[in-house]
Amino acid sequence: MSNPEQTLGVTPPISTTLPTDAEKRQTEALLKELRAQGTFESQAETDKRWAVLADLQRITDEFVKRAAQEKEPHNAILIRDARGRIFTYGSFRLGVYGPGSDIDTLVVVPKYVTVKQYFDIFPNLLIEMAPPGAITDLTPVPEAFVPIIKFEYSGISIDLIFCSIQSLRQLPDDKDWNLNSNNLLRGLSENEVRSLNGTRVTDEILALVPEEKTFKLALRAIKLWAQRRAIYANIMGYPGGVAWAMLVARVCQLYPKATSAVIVRKFFTIMLNWPWPLPVLLKNIEYNQSITRVAVWNPKIYPSDRNHKMPIITPSYPSMCATHNVGRSSMAVIQQELERGVQISEEIMLGKRPWKDLFEKHTFFTNGFKFYLTVISSGRTKEAQNTWSGFVESRVRVLVQKLELHPSIALARPFNKGYDRVHRCKTDAQVEEIQTGNLTYMVKPTDTAANGNAKNESKVEVKAEIKTGDGVAPEPAVPVVKEEPNDVVHLGTVPLKPEDNSVKPEANDYDEDKVKLEDIPEKEPELEIYTTNHYIGLQLVEGAKSLDLSREVDDFKAMCTSNDIFKAELMGLTIQHVRNFDLPDDVFEPGETKPVRPVKKKKRMAEGEHANGPMAKRQQMATAPPTIKSEH
C-alpha cells in the first residue's frame with residue numbers, strides 16, 4: 001500500500017521511523033539549552049517587532065500614494081488604489097531570530113513607483129510618520145547593487161530593500177497575496193530579481209520541510225553552532241543564514257518523522273559525508289523558463305558554476321548557488337567542524353555529554369594559529385569608514401584566495417567578523433601609527449560602546465545570496481550601526497563644552513588671585529580615527545622556513561585602492577603580520593587565555609662540539625620560526 005503522504009525533496013526519505021521517548025527527551029534538553037544560551041527573545045520583544053512592521057506597512061502605503069500622486073496627479077483612481085506591501089525574509093521570516101536580530105525587509109510596489117522615488121520620498125516619510133525619535137542611524141545606500149535603506153526603528157535594526165513589480169499596475173488588495181508566482185519576475189532586472197527572491201526563497205524553504213516546528217528548533221541549534229564556531233558569514237567565504245537553513249531543511253526531508261535532536265545529530269553525519277560538489281537541492285531545478293534573463297545555476301553550461309566547491313542551491317526560480325563564496329580553506333574548516341559535531345552529537349544522544357558542549361566557542365585566537373594577517377581599513381570620519389570598511393570586508397576573501405595559491409600556505413582561514421575600534425590622537429604621524437595597527441591611542445571600551453568589539457553577526461551578514469551577482473560583492477557600502485560616543489570629536493573639530501547652568505557665586509574682590517580664562521592654554525584639537533581589523537589565520541606547510549606575501553598584499557591593496565570608493569585623504573589600508581602572542585587583548589573574552597611568547601630552551605651541546613659548529617646550526621634551523629614578509 002502506497003504512502004499517501006507527500007514526499008518532499010529530490011530523493012525518497014532515508015527513514016520515516018517515529019521518534020523514541022529518549023529522542024523526545026533529548027529534544028526537550030536541546031530546547032532548554034537553547035533557551036539558556038539566550039537564543040529566544042521575550043514575547044514583549046517579539047510583539048514590538050510586529051508593531052514596527054505594522055508601522056512600516058502604514059508608511060509604505062502612504063509612500064506609494066505620494067509616488068502615484070507625483071506620477072499622475074490628476075488620476076484619482078490610481079491614487080485611491082495605490083498601495084504597497086512589506087515582506088520579510090531571512091531569520092525573522094524563518095522564525096529563528098533572537099534578541100538583537102535585525103529584520104530583513106522588502107518593500108514591494110507597483111510598476112509606476114521608481115527607485116528614485118524610493119530614495120527621494122521614503123527616508124523623509126520615515127521621519128515624518130514614525131513616533132518622534134524612533135528612527136535613528138538612517139542610512140540610504142542608493143549606489144548598492146540592491147538599493148537599500150538601513151536604519152533603526154525603536155532600537156530594532158531594519159535593512160529595507162526595494163522592488164517595483166513591472167507586471168502589476170496596482171498590487172492586489174488581498175492580505176494573503178504572496179510573491180510565489182514566477183510571473184512576478186517578468187521585466188525585472190537582475191538586482192530586482194534578487195531582491196524579490198529573498199522572500200521567495202525563504203517562503204519556499206518553509207514549504208519544503210515536513211514539520212516547521214522541528215525544522216525551526218533544529219535550525220536554531222545549527223545556527224548557534226555555526227556562529228560559535230566562527231563559520232557563519234557568506235561575505236567571508238562561509239555559508240550564510242539561508243545556506244545553513246537549506247542544509248537543515250534537506251536533512252528534515254530525509255528524516256520527516258524525526259525530532260529536532262535527531263535532525264541535529266543526522267545533520268553532522270550527512271553533511272560530513274556529502275559527496276561535494278554534488279549540489280544540495282530541496283527540489284528539482286526549474287529549467288526551460290523564459291520569464292527572466294537571470295541565469296539559472298547550471299554547471300553543465302557555465303564554467304563558473306562548475307567551480308563551486310560546496311554548492312547549496314536555492315529552490316525558487318531562478319535557482320542560484322548560495323555558497324559561491326566558499327573556498328578551499330573555508331571548506332576545510334567546515335569539514336573539521338562537522339567532524340567535531342559528529343563526535344559530540346553522538347555522545348550527547350548517548351547521554352554522555354550535555355548539549356552545551358556542542359556550542360563551545362571557537363579557538364581561532366586562543367589556540368588556532370601561530371601566524372595571522374590582519375587587514376586594517378581606516379577612516380578619518382565615521383561615515384567614510386562605514387563605506388570603506390564595508391567595501392574592504394567584501395574583498396577579504398579575494399585576498400584569502402590569493403593566499404591559498406601560495407606554495408608555503410596550507411590553509412588561510414578568515415575570521416568571520418571584523419573588529420571595529422575608535423582611536424583619538426593629535427598628529428598626522430600618530431594617525432599613520434594607528435593605520436599600521438598601533439593601539440596606543442585606542443579609546444577604551446568604557447569610553448565608547450563602539451570600540452574594540454567584533455561586529456554583531458546579524459549586521460555583518462550581507463545576504464549575498466540575494467544582494468550580489470558574482471563572486472565578489474559589488475556593494476560599495478555595508479554600513480555598520482554603532483552607538484555614537486557621547487563625547488565624539490570628529491576630525492578637525494574642537495569639542496564644545498556642555499552648557500553649565502549651575503548657579504555660580506558672583507565675582508568679588510577676592511577673585512583676583514584666581515586663574516583667568518585667557519590664561520588657560522587652548523586645548524589642542526583631537527583627531528578621531530576609525531579602524532576595522534579583519535584577521536586571517538595562516539597554517540604553513542610543513543618545513544616552511546620563510547613566507548614572502550608582498551606580491552599578494554600589493555595586489556590586494558591595488559585592487560581595493562583603485563576603486564572609486566577609495567579617497568586617499570580620508571581612508572587607509574594596511575596589512576600586517578601578527579604572531580599569536582602579539583594579538584590585541586580585545587579579541588579575547590574574559591576567561592580566555594592569550595597565547596604567550598614561547599621561551600627558547602638552551603639545548604645541551606654534544607660533548608666536545610663548539611657552539612658554532614654544525615650541530616648548533618642544524619638545531620637553530622630546526623627551531624627557528626619561519627620569517628613572514630607582509631607588512632605594507
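For all residues, glycine too, the Cβ spot is worked out from N, Cα and C.
According to TrEMBL, the protein carries these features:
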COMPBIAS  1-19  compositional bias 'Polar residues'
REGION    1-22  region 'Disordered'
DOMAIN    9-209  domain 'Poly(A) polymerase nucleotidyltransferase'
BINDING   ASP102, ASP104  Mg(2+) 1 binding site
BINDING   ASP102, ILE103, ASP104, ASP159, LYS223, TYR232, GLY241, VAL242  ATP binding site
BINDING   ASP102, ASP104, ASP159  Mg(2+) 2 binding site
DOMAIN    214-361  domain 'Poly(A) polymerase central'
DOMAIN    363-596  domain 'Poly(A) polymerase RNA-binding'
REGION    589-632  region 'Disordered'
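Under DSSP, residues within the domain 'Poly(A) polymerase central' (214-361) fall into helix, strand and coil as 76 helix, 4 strand, 68 coil.
Neighbour density at the Cβ, taken as the number of other Cβ atoms within 10 Å, is lowest among the binding-site residues ASP102, ASP104, ASP159 for ASP102. Over all protein chains present, the Cβ of TYR232 (ATP binding site) has 24 other Cβ atoms lying within 10 Å. On the 0 to 100 pLDDT scale, the domain 'Poly(A) polymerase nucleotidyltransferase' (9-209) averages 95 in this prediction. Annotated pair ASP104 (Mg(2+) 1 binding site) and VAL242 (ATP binding site), C-alpha to C-alpha distance, rounded: 12 Å. Around the Cβ of VAL242 (ATP binding site), a 10 Å sphere holds 25 further Cβ atoms from the protein chains shown. If you draw a 10 Å sphere around the CB of GLY241 (ATP binding site), it holds 27 other CB atoms from the protein chains shown.
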